[in-house]
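Heads up, the thing below is written out as C-alpha cells.
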C-alpha cells in the first residue's frame, strides 16, 4: 500500500477542489481524506495501491478543475492510519 500527503496551494479553497478531489479519489479506489487548511491550502491524505495513488497524484499535477495557480507538493505519509473510504474532513 502506498500512502502520501498531497498539499495543494494556490486558489484552491472555495472553488470545489475538495468535492472534485473526493469524486476522483473514489473513482480511483483511493482512501483517505481531503481538507481545507488554515493557511489557505488543501491537504489530501491518499492511500491505496501504488497505481491508484500515482494516478491521483498525476490528476492533481495536471490541474485540479477550478483551481488557479495550483502548486502540488507530495510527500510520503509515515502514519499507520488505515482509512476505509475517502471523505471530506471539515
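In case you wondered, yes, glycine gets a Cβ from its N, Cα and C as well.
Per Swiss-Prot, the features are:
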- 3-90: domain 'Acylphosphatase-like' (DOMAIN)
- 18: active site (ACT_SITE)
- 36: active site (ACT_SITE)
Active-site residues (18, 36), the one with most neighbouring Cβ atoms at 10 Å: 18
PLDDT averaged over the residues of the domain 'Acylphosphatase-like' (3-90): 96
Cα-to-Cα gap, residue 18 (active site) vs residue 36 (active site), nearest whole Å: 8
Secondary structure content, the domain 'Acylphosphatase-like' (3-90) (per DSSP, counts of residues): 26 helix, 35 strand, 27 coil
